[in-house]
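Note sheet for the following structure.
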Amino acid sequence: MAKEDTGVTAPKKPETAQVANINGIDKLEPPKTKEETESSKSVSSEKAAHASDESFKRSIHEASYVGWKQIGGWEDKDELTLDDELMDMTRETFLDNIIPDSLYGDWYHSVAIFFIGGVASFALGHYKFSMGSAFFVIVITSLLYRTSAKKYRGSIRELVQKEFTVQKVENDYESLEWLNAFLDKYWPILEPSVSQLIVQQANEQMATNEAIPKFITQLWIDELTLGVKPPRVDLVKTFQNTASDVVVMDWGISFTPHDLCDMSAKQVRNYVNELAVVKAKIFGITIPVSVSDIAFKAHARVKFKLMTPFPHVETVNIQLLKVPDFDFVATLFGRSIFNWEILAIPGLMTLIQKMAKKYMGPILLPPFSLQLNIPQLLSGSNLSIGILEITVKNAKGLKRTSSILNESIDPYLSFEFNDISIAKTRTVRDTLNPVWDETLYVLLNSFTDPLTISVYDKRAKLKDKVLGRIQYNLNTLHDKTTQRNLKAQFLRNSKPVGELTFDLRFFPTLEEKKLPDGSVEELPDLNTGIAKVVVEEGSRFAEEEQKVTAYVEVYLNAKLVLTTGKATDTGTLKWNSDYEAVIADRRKTRYKFVVKDGKGEEIGSTIQTLNDLIDRSQVNKNLIPLKNQKGDIKITTYWRPVRLEIGSNSVAYTPPIGAIRVFIEKANDLRNLEKFGTIDPYCKVLVNGLSKGRTDFKSQTLNPVWNQVIYVAVTSPNQRITLQCMDVETVNKDRSLGEFNVNVQDLFKKDENDKYEETIDEKAKVGRLVMPKKKPKGTITYYTSFYPALPVLTLEEIQDLDKVNKKKKALELRKSAIDEKKISKEDKAKFDQEWNEVKELEDMYSNRQKLDLPELLQYNQGVLAVTVLNGELPDSGLYVQAFFDDNGHPRFVSPRIPSRIVKNGWSGDVIIKELDKSITTFRVAKNKNYNRVEKCVCEVELPTQELVKNCYYKPSILHLSGEGSAKLMLQISWFPIDTKQLPANDLITNSGDLTIMSRSAENLIASDLNGYSDPYLKYYINNEEDCAYKTKVVKKTLNPKWNDEGTIQINNRLNDVLRIKVMDWDSTSADDTIGTAEIPLNKVKVEGTTELDVPVEGLENAGQDGGMLHLAFSFKPRYTISVSKREKKVGDIASKGLGTGLKAGTTVIGGGVGAIGKIKKGVFGGLGSLTNHKKNHEMGEEETKF
């Protein structure tokens, strides 16, 4: 669109012109086409894209004048000198020397002058003088008034100066003149940039805002300045004797324009007041409206609630002690000679002040205040601060109203915030002493709004009658979150009409916390919380260029909870409606979105589980296709966990769709955070920000090689998988080296039966590590694969399905008995809701199999879900860790348990590769980061298969023993993975104990002068410098026979290489290496003995024949642990390796899973006892009895 000619010529810009460059884009250049313009970060790309399509005819208009310099026409020559600033504003006039001082200069003198001028004009007219004679009266009156008014303004300035000079009566207010002086100096410098930013943002929004009527073809700010005079802080008062974590302050703030009277033209160009000119183009006519000389004065009270963690301020309460005094000049048609002052309308200013008091009163005026939750605002979620649990017990002594219609009282309670009902109890029939015993959960946005509890009488054909109300102050819940057996009086006409007994509990929203290194602390994976669903927009509902009118109905678990407004357009329809709800069971919560046209006919619909909606928002896949490809709808979902104490629902596990295998090979060029030395890096895998597994750390390196596999369970294809590199810290928290999100969308493929397929991606991928506010540095090389889970029903879902089938039969019977003509609309809507809920649940469970436990146990690979319901620990402040198979680090860890009794449970999962050989270990530790070999308080170890058998159908108690004893109540679920076998690298046959039988050698190289050697062998694993095992020495021979045997630990048989050094023993000097050999350990068979003849290569030249070694190997598979115990030292970490192997004849210490032979009582309560096990667990040979 061409730039509009407003008929006003902009003045020449000064050399210091304001630059409108935001994020590399000049916002004041003429608007470009959609293809040329890149979206601003302040507006979504969708909004920017639609700004130029057919439905958005407005363009972003350029402002004519911005900033005080452009508004005032200031140029460099107008800079005030010292003489200009000292110019006398009370310059005398001719009449000052003639008229006595007592006859002019006060307000009543001005009244007298106008009175005399009026009388003189009347006299001239009465005596038939000509019109010209009135000119002399006007001149004389004007001169007298100018002289008197000028003196009067001078006297006012002197009075103000006197007020500043005289010492005030003592008070406890303080001034902030240092801040005012700072603003006076820098405000004229900052104001042009601030005004420019306001204009850019406002004009951009007004060009894309659909709420503006279509007949307004353009709307923009044409001129804007905040003036050269900044706001002032007039007074500050800090209250004493408040709590240590509470700060209360009074602030007086004012904003007053300059008095431009008696100033010279040069001074006026330097003292510019506030001005805003907004122009609207309506039917081709440009209409300007200007607002200038804005003045206000406010007195506010601010309360800060402090806390220890960042941002250190928990809440801020703002209260205006009175309605602010404000004034302004508003004119229609701008500053032209035809302008019309809007406030000249009689009574308009009074009306504005009254309306301000009416609408500000319930929010900002005493006793109310506006509460801001700072952590919530910083998180950007804009959700409620928590959930309020209301347990209504009973009411006593309700009194009837005087109405003659009250034959019986059927009371129920309604809970309200700001006259909006948020929850209701059931109705109790015909009683004045109702008992409800009902628990309700409501969203709480602020502690400052009182909770209104109204008791109503339910009436069939009349409106329900209010019997009484309670206004309950919730401020006490901030410090005391649980309040039992509260009693409050219902009031009617300020008289008690009954008493209510109830309980209140507040559960706060759990927010993410940023750590000093920029990383975000993990939130617990809870099943309860707050969900906010925003229906933003929709598209493709009709053919191109066809105008569509549509709205959306949102159903939560088959109940209609939101109906958006109607939107009409030819392209994208925008609704931007949201619904926030308390979620008691996230995994079972589902939303149905139905798009209907203007006539109420359905266009399309989609059913999404809450988990899927959350995952879509995590990976920015918010556009959801409707059924039968009838369009798309954009849904954004916000989720915050809340730890509700409602039993196992809060920690219930969501069934997975499969497992992703992440093979983490290595990292290169990592960031070194150490001032001295080098980092000790490891890698974590996170799912939606929650840690699900990690590698071992590699000591002192920037280029670690891990070659470790981590499996993570996923519940939808839209979950966010993240690889994060960390540096080990023994004293403080581990530090982040960067992270990146893994693209796994290509792994999820379905067959013709709509079931997920196994996908193995053998191509190596490289991801660059990114840190907040730092340049990317370092890469990780990894591989990914996907193994689908068998879709099976959980025990709870089987029970739910049985209930659904029973309910369906009951509804079918009711349907056959219903008379369509006699049924009311309410009853029909209720029946339709129940029927739709049954159909949705049937559809949700229709694609899953029902398998009993014996059938499930036929699958050897699967996802093991562990839910800890409650328990008892030996002490407070401990953590419960779970280890599986060869995990050196805990697969999942409980939150810190503040007391000995475990009240709040948790859940976790792990992929079991071989159920019949798997081992599970639970440990209670003082530090959540302790690994498998570090000290614990108590532990228990048992076969995973037995754990499934004993805890699948019902929870069982697990006993842990050691320095102390503990009990945990567990519930187990088993979800088979639909694959024949996982990669050999991940199985138990890839790790274990390698027994080396060094038998003999032939034709070794002579090293001594006598033509012989004193040979022995040294064995090394891969490139390790420490010897894993060495043989005895056989002296003076080239054909030794050792017949020696030793056992070493192998963590990766298929990829490890055994290096051999043939050594010559010397009594007087260091031993010499006379040859080397290598054996890939994948040549060693898992079963039986492997005989190998290994050629030796000499050191003098490549390929030199150094003889032949005759060796034999036997391998015993078992799960090994490659972690080491960390010791704290000054400035560094010293590690004691436990997985490097030992000399011949010794036993592997700490290498295998720990024994449970020390446990003398039953692992499961009331289920018997465990037999003793060997220290080195031999898979497949032990039996566990219950």
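Glycine is no exception: its Cβ is also placed from the backbone N, Cα and C atoms.
Annotated by Swiss-Prot as coiled coil, the relevant range among 487-514, 795-822, 907-934, 1075-1102 is 795-822. Looking up Ser264, Ser336, Ser414, Ser1000 in Swiss-Prot shows the phosphoserine annotation sitting on Ser1000. Range annotated as transmembrane segment by Swiss-Prot, chosen from 129-149, 864-884: 129-149. Secondary structure from DSSP puts Asp1072 (Ca(2+) 2 binding site) in a beta strand.
According to DSSP, the secondary structure content of the domain 'C2 2' (512-636) in residues is 15 helix, 65 strand, 45 coil. Ranking the binding-site residues Asp1064, Asp1066, Asp1072 by other CB atoms within 10 A of the CB puts Asp1066 at the bottom. Sequence-distant neighbours of Asp1008 (Ca(2+) 2 binding site) (same chain, 6+ residues apart, CB-CB distance under 8 A): Asp1014, Lys1036, Asp1064. Within the same chain, residues 133-134, 137-138, 140-141, 144-145, 148-149, 152 sit at least 6 positions outside the transmembrane segment (107-127) and bring their C-beta atoms closer than 8 Å to a C-beta of that stretch.
Counting only same-chain residues 6+ beyond the ends of the transmembrane segment (129-149), those with a CB under 8 A from a CB of the stretch are 93, 95-96, 99, 104-106, 109-110, 113-114, 116-117, 120-121.
Note on the domain 'C2 3' (640-757): DSSP counts are 8 helix, 52 strand, 58 coil.
The record gives Asp1008, Asp1064, Asp1066, Asp1072 for Ca(2+) 2. Within 8 Å of the mean position of their Cβ atoms, the other Cβ atoms in that chain belong to Ser1007, Ser1013, Asp1014, Met1063, Trp1065, Ser1069, Asp1071, Ile1074.
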